[in-house]
Amino acid sequence: MTRRDALPLVAALALLAVLPFCGLPGSALNFLVTTLIIALAGLGWNVLGGFGGQYSFGHAAFFGTGAYATAVLQLRFGWNAWGGLAAGIGLGTLVGLAIGYLSFRAGLRGSYFALVTLAFAEVFRILANAADLTGGAAGLLLRLEPGLATLQFSDRRLFYLLVLAFVGAALLASRWIERSRFGAHLIAVRENEEAARALGVDALRVKLGAIALSAGITAAAGCLYVQHFLYLDAGVAYGTWISVEALLAPIVGGIGTALGPLVGALALQGLGEATKLLAGGVPGIDLVAFGACLIAVIAFAPQGVVGLVRRLRGRRPAEA
Amino acid sequence: MLAVEALTKRFQGLVAVREASLAVPAGSITGLIGPNGAGKTTLFGMISGFLQPTSGRVLFEGQDITAEAPHLRARRGIARTFQIVQPFAGLTVAENIAVGAYLRHPRRADAVARARAVGRRVGLGAELDKPASSLTVSGRKRLEVARALATEPRLLLLDEVLAGLNPSEIRDILPVIRAIRDEGVTILMIEHIMQAVMSLCEAVHVLAEGRMVASGPPREVCADPRVIEAYLGKGAAARLGAEAADA
Amino acid sequence: MYAPQILIEAALNGLMTGAVYALIALGLTLVYGVLHIINFAHGALLTCAMFAVWGASAWLRLDPYAAMLAVVPLMFGAGYALQRCVIGPASGGSDNNILLVTLGLSIVLENGLLAIFRSDTRTLDSDAALQVVEVGPLLLSTPRLIGFATALAVTGLLWLLLERTDTGRAIRAVAREKLGARLVGIDVDHVYAVTFGLGCACLAVAACLLMPTFYVNPRSGAAFVLVAFTIVVLGGMGSIAGALVGGLVVGVVESFSGLFLGDSLGQIGIFLIFILVLLVRPTGLFGVRG
């Protein structure tokens, strides 16, 4: 990793930052906001799944906790949206630490870890669907009330930039992982936990650090989601859809690379829109494309889109 | 420096190591030999913290570390290699070694510089930026040593680093091991290749069927009838002695 | 608090549902035991089988129990082909990849069904669901009783297949020692595909037993799959006896927690068991470590 490798990252962010000021229609802006929120959730997943090799199938647990915390604190306790956002990220991180502590201390990995995270997310979903605090099955509706304190802007581009800022921060965090001792330890644990421990790596602590950071980032995505749509129910917050989106984006984009989740989210959401356009109103057709895409990536391009680009770039000088 | 006192390890009724004791003086190269299945690697596992002994104690520099986790022992200055080499396959050789170097050098630049220096020292200078998965057997063995060495240990546990190497590769790596000791690292090594043990070790301990059967300077130990029996079966020493008398 | 009759009925209902759960779990545990993979597409495959039974009944006017004769071989073939042509080649043997490929498969199947059948819920238009048998003071649903008996019989048959036939011996050999099995000339890829096919055949039987009293929509399988995972984890991954006992236990637990907590919270009991078993004893009650 050299300074030059940071270039695509900066370029992507700059491009995304100027895009809404080039006369994009509102629907395209909405599409970008949703895509960036999913990219953010995916960036979170990638910290644990990509760099740490621990595949979670239940990142909805963190996404939903962030979203519900933001909404409940505003609606029930009169907090402003910024406080809700901070608390949502904090709570999501704590949930991540708790789930991580229980599962990693029990030595769960691979399929078992995937299953236990999935089960935790389902427990949260059922609880949120039943509890009064979270609005039960009816869900929660945030009041439409533009203002700085409510994080609702009459110019939607401002909210878009806020989301982009979070994506930028998560990208920075991923870059830091690639270049730090923590990251080296995390990758070592992914590759071979026993060998890492022999070299003085506290594997449990490293994995806990990873799941905390991962959960925090994905929780931030949840907070922004509810601020954007102003509505939340248990199926949205803790549903399997977000667990799946959060893992699809990095895997399709390039697992364990900083830029992968962003590239993957853009590619997948673009693909989704395209299939919907082609197939008309057939429900589920975009997800069929996602699933097929996942299988194809694993079979033919295990390093995702980023890996493909790198392979092409690496080949070019040899051909020249 | 290291003292192992009456270590016993039981796996569901099977006793892998029984009341084994040994001492490794500071600055020495000490050998641990014995037939296959004698419990050598199990003993290493207990010294490095990957296995909890059923009973007995492990002392490092006078302190009881029997219950300490492996990564804490590494911080104290105990490093080990694995008999079945375990490279981080997705990383380059230098990155592999850097994982070890990060133990004493938290800053990336320091750790990487340190890793490259250690890599060159064990003869991996040309391979530093290649993926670890591309290394030959001998390269992987060197990588195991380099990674352990990068943690800057005071005690280095080598588990059959010479196994699988050809004679010329062994000849190349022996001076490396000796040089490590000369820089002040105490070494305890499991080894099958007797010439290497003879040329490197000041003292040798022999483990057979989980028990310590002999210890002393390599030449004496090799002549010990108990050791010959451990390797060649009961009565072998007597037979060999008789044959020698006949001749 | 509750009349004994209600409690007994809840227990019996739980046992009857549990036997069908056990059948679903059996397919999962068999695949795990041999291929050492967790098949995330299991739920979606169950949904496919349920749609097949519904189709046989709605379009061909076949009785759901008679449909077994067609749906079981169909699902066996589908499972064989999936493992041989998709899961095996795409995953390249890596555990994490298999996990993701089967996840991808479940997304494709579930949403493919959604695209074809939409999200409407369908039931068989027969009155079989309402038939009951009187056993002393208790009223038991006939189709569930049939389901119970058939599920137990199929479990027994599967056990006989594994213990007494050459195919079964080959499957067990591959489960224990893949490399060794290959060395003595067993076609491991074929055995993998047969095992996966058998797992799907279990689902086909379960679908035929479920449909008379249950409904199908593209997400119905998902409701069963976590339950099946719980059973498999509880019973020990790869253990047939474990799947049976685990299925019955989970059926009863679900029935009681539904009775005490109400339907929406009732499912929580299962997930809590699931999480607890994973955290405390991931090898399950019957499983062997390793």
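Backbone N, Cα and C atoms are what each Cβ position is placed from, and that goes for glycine too.
Keep in mind that TrEMBL annotations are predicted by a computer and have not been checked by a curator.
As annotated by TrEMBL, transmembrane segment applies to A:30-48 (among others). Remote same-chain residues near the transmembrane segment (A:30-48) are listed as 16, 19-20, 24, 54, 56, 59, 62-63, 156, 159-160, 163-164, 166-167, 170-171, 173-174, 177, 210-211, 213-222, 224-225, 228, 242, 245-250, 253, 255-257, 260-262, 264-266, 268-269, 273 (criterion: CB distance under 8 Å, separation of at least six residues from the stretch ends).
Sequence annotations record features per position, and here TrEMBL assigns transmembrane segment to A:60-79 (among others). Beyond its flanks by at least six residues, the transmembrane segment (A:60-79) meets 41, 44, 85, 87-89, 91-92, 95-96, 99, 117, 120-121, 124-125, 128, 133-134, 140, 142, 150, 214-216, 218-223, 225-227, 232, 234, 236-243, 246 of its own chain at Cβ-Cβ distances under 8 Å.
The feature transmembrane segment is assigned by TrEMBL to A:85-104 (among others).
If you look up TrEMBL, you'll see A:158-177 (among others) marked as transmembrane segment.
Long-range Cβ contacts of the transmembrane segment (A:208-226) within its own chain (Cβ-Cβ under 8 Å, at least 6 residues beyond either end) map to 37-38, 40-41, 43-49, 51-52, 54, 56, 59, 61-71, 84-85, 88-93, 95-97, 99-101, 104, 140, 142, 162-163, 166, 170, 173, 182, 186, 232, 236-237, 242, 246. Per TrEMBL, transmembrane segment is recorded for A:208-226 (among others).
Taken from TrEMBL, the feature transmembrane segment applies to A:247-268 (among others).
According to TrEMBL, the transmembrane segment annotation covers A:288-309 (among others).
Same-chain neighbours of the transmembrane segment (A:247-268): 8-9, 12, 35-36, 38-39, 41-43, 45-46, 49-51, 55-57, 59, 167, 171, 174-175, 177-178, 187, 290, 293-294, 297-298, 302-307, counting only residues six or more beyond its ends whose CB sits under 8 Å from a CB of the stretch.
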